[in-house]
Every structure is written in structure tokens, then in C-alpha cells.
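First up is the structure itself, then whatever we jot down about it.
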Amino acid sequence: EDWVEESWGCWGSGGYSYLYEPLWWIGMTAMILGEVANFAAYAFAPAILVTPLGALSIIFSAVLAHFILKERLHMFGIVGCILCVVGSVGIVLHAPKEKKIDSVNEIWHLATQPGFIVYSCMAVVVALILIFWVVHRTEQRKMLAYIAICSLMGSLTVISVKAVAIALKLSFNGVNQFIYVPTWFFIVVVVICCLVQLNYLNKALDSFNTAVVSPVYYVMFTILTIIANMIMYKDWASQNATQIATELCGFVTIVAGTFLLHKTRDMGNEQSESSSLRGECELQNH
């Protein structure tokens, strides 16, 4: 019992014990493969479209858990999945068109505009304050601090990932973009931000309930990513009020479905267990 308690304490302490778990490495490998496909999507579609559609992974996770892990979906969980699908369809139908970019230098020009420079500096400063001050002083708000760090760095990661993806696409088409310094700058930003995200997201998942961490992280990350892309690419400048309102409604619908799915995902299992216990009690009484 002491060994179990000690092991569980190490696992939930926010440390690095997860690195010794083979299952964690299997999951990390699968996640990397999925992110590679997500990485490719940024080269062909605006981030305002790609990022919110990440909610579809929640649906597939719930469905696979239902069939593989035998985790029964409650009725509210099914409604949550439907809401995610409806919201995703609304965003896809009214998403802004991708701007044609012929060089990474064009992205660099957008990234060096005053508005995005201010946002980038604020994101880095706030993340550093959270890392060196808030995380070590406020135990009760540590989860929000972890998620905020991941989301702030994630918004910068998406911007840089899109730049690298476009550089690869243009290079494969015969226009080498790796001779330009901005391409390598964006690659360095991607590596640094991804390492920070990986570290603090694992700390959040290691120390707090996944059912709370996942939806909060999804919402905060998506909102900051959309704000960063609005400032830099101005994707919504060519859209009318109806299109923008429809996209916002689609995003809110996805958020509602995500929270509903996560908050009720154990209700089906609890209902199944209670039914089994009632059945056993009835058999014993007979």
C-alpha cells in the first residue's frame, strides 16, 4: 500500500515520472503523427479554420473509447458530439479564403507589423511571469497558469507552424524558401514553443483532472490562436458581418459541445456500474 501511494504521489506531482511510462511514449508517438497531418493542413487553409476543427479529435476519442475501452457514451455525451459536428460544419462553410502567399518573406513582413509585435511581446512577457512567479506562488491557480502558458505559446506556435508549412509547400513546388533567414527563425520558434507547451501541458494533465484540463485548454488555446491570426493575417477583413457572426456561433457551439462531452463522459460508465450492482443485488435476494 505504501508503494502504491508513493507511486501515485509521484505520478500526480506534476514532475517528469511520465517519461518512464511506455504507454506515454506510445500516446506521444500517435499524437506526433496526428500533429504532422495538422501541420500540413496549415499550408492549405487559414488557421481560423484549422484550429477550431481540432474539436473533432474529441469526438473520435469518445467514439473509440466507447468501442475499444468499453466506456459507454451517455446521452449528454452524444449531444456534445453532435454539437461539435454542427459547430464545425458552420465554421467550414463560412471560413475565410486562404490568402495567396508566394514567399516566406511575405509572412515575415506580416509578422513584423506593429500590431503582431505588440501581441508577441505581451504573450512572451505574460508567459514568463506565469512561469517564474505565478506557478511557484499560487497552488490553487496552478492549473490555469499551466494552461495559460501552453495557450500563449501555442498561439505563437500556430503562426510559426503555418509559416514553416508554407515554406515547405513552396520549396516542394520548386521555390526554395530555406535560403531565407525568416524560415529558420520560424523553425526555431516552433521548436522552443513546442517544448514549453509539451512540458506544461504534461504538468497540467499529470496534476489535475483531464476532464477539466482538456476543454479549458482547448477553449483558451483556440481563442488566443484566433486572436493572433486576426492581428497578423487579418483573415476576417474580407468577410461581412453575417459570415463573422456565423463563425462565432459555430465556435461557441463547439465549445458547448466540448464541455458537455467532457463533463458527462463518466456518466455512462457510472450508470452501467449502478445497473450491474442492482442486478447483482436482485440475484442475491432471489
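We number each residue from 1, going along the chain as drawn.
Cβ coordinates are placed from backbone N, Cα and C, and glycine is handled just like the others.
TrEMBL annotations: computationally assigned, not manually curated.
Residues 34, 38, 41-42, 77, 80-81, 84-85, 87-88, 91-92, 158, 214, 218, 221-222, 225-226, 250-251, 254, 257-258, 261-262, 265 of the same chain lie 6 or more positions beyond the ends of the transmembrane segment (50-69) yet place their CB under 8 Å from a CB of it. Annotated transmembrane segment per TrEMBL: 50-69 (among others), in sequence order.
What TrEMBL lists as transmembrane segment is 76-96 (among others).
Summarising the annotation, TrEMBL assigns transmembrane segment to 116-136 (among others).
Look at TrEMBL and you will find 143-167 (among others) tagged as transmembrane segment. Sequence-remote contacts of a segment are chain residues at least 6 beyond its ends whose Cβ falls under 8 Å from one of its Cβ atoms, and for the transmembrane segment (143-167) they are 39-40, 42-43, 47, 51, 101, 104, 107-108, 111, 120, 123-124, 126-127, 130-131, 134-135, 177-178, 182-183, 186-187, 189-190, 193-194, 196-197, 200-201, 203-204, 207-208, 212-213, 216-217, 220-221, 223-225, 227-229, 232.
What TrEMBL lists as transmembrane segment is 179-200 (among others).
The transmembrane segment annotation in TrEMBL covers 212-232 (among others).
Feature annotation from TrEMBL assigns transmembrane segment to 244-261 (among others).
Sequence-distant contacts of the transmembrane segment (116-136) (same chain, six or more residues past either end, CB-CB distance under 8 Å): 110, 142, 145-146, 148-149, 152-153, 155-156, 196, 224, 227-228, 231-232.
Residues 46-48, 51-52, 54-55, 58, 110-111, 113, 115-116, 119, 123, 143-144, 147-148, 150-152, 154-156, 158-159, 201, 204-205, 251, 255, 258-259, 262-263 of the same chain sit 6 or more residues outside the transmembrane segment (212-232) yet have a Cβ under 8 Å from a Cβ within it.
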